[in-house]
Amino acid sequence: MMNNLKLGVEVVSAHDLMPKDGEGSASSFVELHFDGQKFRTSVKEKDLNPVWNESFYFNINDPANLQNLTLDAYVYNNHKPTHSRSFLGRARLTGTSFVPYSDAVVLHYPLDKRSILSRVKGELGLKVYVTNDPSIKSSNPLPAVESFPDLRSSQPQVQPAAPNPIPNPFSNEKEQRHTFHHLPKENPHQQPSFMTTETQQPVKYSADEMKPEPQQPRIVRMYSASSAQPVDYALKETSPFLGGGQIIGGRVIRAEKPASTYDLVEQMQFLFVRVVKARDLPTMDISGSLDPYVEVRVGNYKGVTKHFEKNKNPEWNEVFAFARDRMQSSVLEVVAKDKDLVKDDFVGFVRFDLNEVPTRVPPDSPLAPQWYRMEDKKGDKTKGELMLAVWMGTQADEAFPDAWHSDAATPVDISAAASTNIRSKVYHAPRLWYVRVNVIEAQDLIPTEKNRFPEVYVRAQIGNQVLKTKPVQSRTLSPLWNEDLLFVAAEPFEDHLILSVEDRVGPSKDEIIGRVIIPLIAIDKRADDRLIHTRWFNLEKPVAVDVDQLKKDKFSSRLHLRVCLDGGYHVLDESTHYSSDLRPTAKQLWKPSIGVLELGILNAEGLHPMKTRDGKGTSDTYCVAKYGQKWVRTRTIISSLSPKFNEQYTWEVYDPATVLTVGVFDNGQLGEKGTNGNRDMKVGKVRIRISTLETGRVYTHSYPLLVLHSSGVKKMGELHLAIRFSCTSLVNMLYIYSRPLLPKMHYVRPLSVMQLDMLRHQAVNIVAARLSRAEPPLRKEVVEYMSDVDSHLWSMRRSKANFFRLMSVFSGLFAVGKWFGDVCTWKNPITTVLVHVLFVMLICFPELILPTVFLYMFLIGIWNYRYRPRYPPHMNTRISHAEAVHPDELDEEFDTFPTSRSPELVRMRYDRLRSVAGRIQTVVGDVATQGERIQALLSWRDPRATAIFVMFCLVAALVLYVTPFQAVAVIAGFYLMRHPRFRHRLPGVPVNFFRRLPARTDSML
């Protein structure tokens, strides 16, 4: 069955082109290149603002590969006297930006240069879409088509069909964005310098004749087809209108007004009402008391302050923000009421006409609040005044983060405690230190039992962290350990270091001999590996178990310690693969920042319902972004599956090899508890590596939120972000690439992998505990999900994914080996002869070997520049091996640790793991066998084989001494690449000799 999928391109017009004909004008036309097909518009004579309105349709042979294809639009000036053309500019669109016809709009693309010396200006208006309407055929003749000269096609020119209303072939799918990619400046292919004739006989063509000729194979492909994933899981580039203007291809186009500090988000208008205080409120109860509070009402939205008991002059100082696009009234009412058990009494109100509310734009100073006399229900002035400030503003206002928001309003009742969970917040994680405790020795211990030598050890504790030294049998009552114990501590230091010397009396019975408590604030700090002086600490003999109720009795026993706070390390509190900060703890070791990272969290779309409210699926969504010590949390949007946040945040960047993590969560603290209790459920997350971002470019993409569940991978929605990395010091950034990734202490006194894993776990717990005490709190499950705490656990799926990653890394070597095998077998005689010639040249001129290698890598890098990624890398389900994973493997991955599954299931998984480990064991054994055979060459384990090899070495030494090296190398190379006519099917003599050498497999049990 023939594929009817086509790419439609409507060339609308161009604007402000560069004059090229020497008379201040240009005769322009457009050439379109796509998937080996080439179309051309008519020539517009003497027009710098030409209008074509011509449509063309390209065949799409492989729809699955559409996102990897590009559409190139070249604008040329036609010079009739010389039948030549000159370059006016070009625009390139990548396959991920193609949308259905119903979503397509005309976009004006800025024209790019072909080289540094090119003079280009202007824009090209195109409308690009995908359609599978079988009625579309290029049947009307027009001199518009020619094929690539390197494809050797004699395809005549084709008149494209006039634009017709085309039904949306993707009408059953969800709405997609108008997206396209923009290509930064680069060197294109050399274009043919000839022009086709402008007139030609009309010819009719069928749809099959539009198919392109097979393209020439590419030498290097940056992303293989094997890593492609479904289109629904792919990244989508968007072109939103933000505060600084429309973002097209990473650049701000046609900004109508100067960019504000919030130029990466859509500006949202809010009505701000600050309720400061009241005075002289009237008495409403018989008892003469008043429990006042204030209601702020705009249409159906109502915000309420807290109430004070028996206070006629209350102070609230609360801010309310009402989204302007949701306001259904032109009147603002601020009503004062008296809290009562049965019905709240009306005290008075102040009314504002929203058309008269002033507008404030930062950095204007805040609007000063004023006193307003309240009115009763009849409109008469009453006793009592309210101090209020009312103004129109945007999310850039300083009052925005702490304000109550109308878009966070909910039909369920929210208590004052729960209302704090919906506000935006910026958190700073505590500064973490490694605490190194070197337990050296103890002296003059007094055991509880005099008739035995104590088996003593030291138990050290900081908070919930407990470590022990090895037990030592002390015959002199002065045991020696000299062990290092490492802990994690956070500023400000609230815990103490508690060391107790304990005697192991029985298998499960320990008695405390003495104890010492050291405040962390009194411990010396160091930023390098300088030696810290040791100290003797007197042990205190406790007579009670409770630490807070110890009766201390000084006695002669003491403990020799070396304790310090190591500030030269970076305390890893996240997975090492996704680190967002690599600086050491000590601030004096920090280098200046290299740039600024700006993040605009725009909106989310198509979210999966996470709870049920009023019989409908809904979600209370908020986002969390983490980079370095700074965490940010957006406000919670209540009961919306397409929330709009439009909040912008900024971080300083100190190292480009770091990762920004943005997570989306459902707020579980509102309303009734669901099946998961009051846990905040994860919706998905996005990781963006800073080093993959171009400096100064604005990346506006819609990221799919992919989450792996026990039932398989699932798309939970899309998150729309705007990201910009601005470099403040190019020299510092380039210098960073020559520096070690981690601080110096990680290499001077490295920590073991086991220590790093244990310390990372403790660091995450400390950060989670500190952030959960903020308001609104960042809950522990949020911090753990953002920090990837379970990334080190076993997973069959992840193991397979890593294996295939390893195979893809070595695929280049395998390809080179296959190519060299084809050269040796003379599969292509011309290639083999050329390799022989190159080989002889390199042998005769060995000084050309390294320059040739580096020049070849330079050319590969320049070639790959054309195929460089246009967007940050995102999670790939195929690379993660998440598409074809077995359900039982997913169930094993989501199992708790230790396991909670049945013994029969655990036994089956254990047997499966044994079979996999058996194959790995066989491969490792085979590699070891080859290495042992190499050792056996000179070990005389096989005396005859070793004698043969020794004599061969003697003869080879004499021959190589009298024979020039170039001659030996040429003979060896020619022998290796000899013609198949001179080869035998049996293995060669060296291979046979090597395989007969003994290995240590005979000694294996």
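Cβ coordinates come from backbone N, Cα and C, glycine included.
Keep in mind that what you see is a predicted model, and the values were worked out from it rather than measured.
Copied over from TrEMBL:
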- 1-109: domain 'C2' (DOMAIN)
- 139-178: region 'Disordered' (REGION)
- 252-372: domain 'C2' (DOMAIN)
- 410-537: domain 'C2' (DOMAIN)
- 578-703: domain 'C2' (DOMAIN)
- 719-737: transmembrane segment (TRANSMEM)
- 803-821: transmembrane segment (TRANSMEM)
- 833-865: transmembrane segment (TRANSMEM)
- 947-977: transmembrane segment (TRANSMEM)
Range from 719-737, 803-821, 947-977 with the greatest count of C-beta pairs under 8 A to the transmembrane segment (833-865): 947-977
DSSP-assigned states of the domain 'C2' (1-109) in counts, ordered helix, strand, coil: 12 helix, 56 strand, 41 coil
DSSP-assigned states of the domain 'C2' (410-537) in counts, ordered helix, strand, coil: 10 helix, 68 strand, 50 coil
Same-chain residues near the transmembrane segment (719-737), Cβ under 8 Å, at least 6 residues beyond its ends: 238, 240, 242, 247, 264-265, 591-605, 623, 653, 655-656, 660, 662, 664, 684, 686, 688, 690, 693-703, 705, 872
Secondary structure content, the domain 'C2' (252-372) (per DSSP, counts of residues): 6 helix, 53 strand, 62 coil
